[in-house]
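In Swiss-Prot this protein carries:
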type	residues	note
BINDING	12, 13, 101, 102, 103, 164	substrate binding site
BINDING	69, 70, 71, 72, 101, 129, 196, 226, 279, 280, 281, 300, 301	FMN binding site
BINDING	165	Mg(2+) binding site
């Protein structure tokens, strides 16, 4: 990678943050949750205050099944502040957190500070993050181990973003034979590898490739939330290049991705972990995802503005999600996550 491209990567991360602030239509609001109608219980037969939302993830106990999804990598004071606020907020609220892409730290050593977060979140799961396509661009086991080490991570996201790479003029588009390279990383790193999309959804075929590679953790990251394709279009805003706009609604909606994933993982019940993300905006959306089989729910956009503010704002936003999730469980008559999980009887037919 050239110095020019390194600088471009760092600048692009800040461009992404600005685009999220400037364009309300980047949040597509079409993940499919409106298609899921739940059955209200006027006599729920549970004590609200006794509802148990606790769960475990990657060997650590959480207050409820929330993962702060990857938001931003890069370097600079603003990004460092966002990541530290998120990590400290995750620790106080007892939820998991994933960082954004760590690719930049391999070309800009100062970027490591953005990912040195374990001191801020000593007891909750932290996930490192590398773009899977970078395994075809010179990154390998050494870099994956370094990404895990700086974060003292409990797991490693390998993210799949073919659409985002396709609409970037500087994108890395060689996705050939990644399955074998993912398998080698999954075999050789000391923590679980999690395969995730970034907003277009994992299909059953993608999950099958992941399973053959030894992956047991999948984040469907479906369509309907933040459109990275639209962000790339906005970042350039060239009249002769509307590729990102054309593909802004490409992919599997989150609801459909979850429904594909469950049967694909059926043979691995008890050993596989399914994470829902993509347009989850409140605790009711989270409840719907768990009903559809998700073990964890990834949320990013609802926490970004809070993270730009303070740790306290992050904690407040997480507690709001937790209250909404607990209230949905109460109104469905569910006292535990086991009552909610994979329970299609809660969906009105």
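Placed from the backbone N, Cα and C atoms, the Cβ positions cover glycine too.
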From 101, 103, 164, the binding-site residues whose CA lies within 10 Å of that of residue 71 (FMN binding site): 101
Cβ neighbours of residue 69 (FMN binding site) where a neighbour is any other Cβ within 10 Å: 27
Residue 102 (substrate binding site) - helix vs strand vs coil (DSSP): coil
Three-state secondary structure, residue 196 (FMN binding site) (per DSSP): strand
Length of the line joining the Cα atoms of residue 102 (substrate binding site) and residue 301 (FMN binding site), in Å: 19
Nearest of the binding-site residues (101, 103, 164, 165) to residue 279 (FMN binding site) - Cα to Cα: 164
Inter-residue Cα distance where the pair is residue 196 (FMN binding site) and the residue listed as 'Mg(2+) binding site', in Å: 15
Rounded inter-Cα distance in Å - residue 196 (FMN binding site), residue 101 (substrate binding site): 12
Distance from residue 301 (FMN binding site) back to residue 103 (substrate binding site), taken between C-alpha atoms, in Å: 22
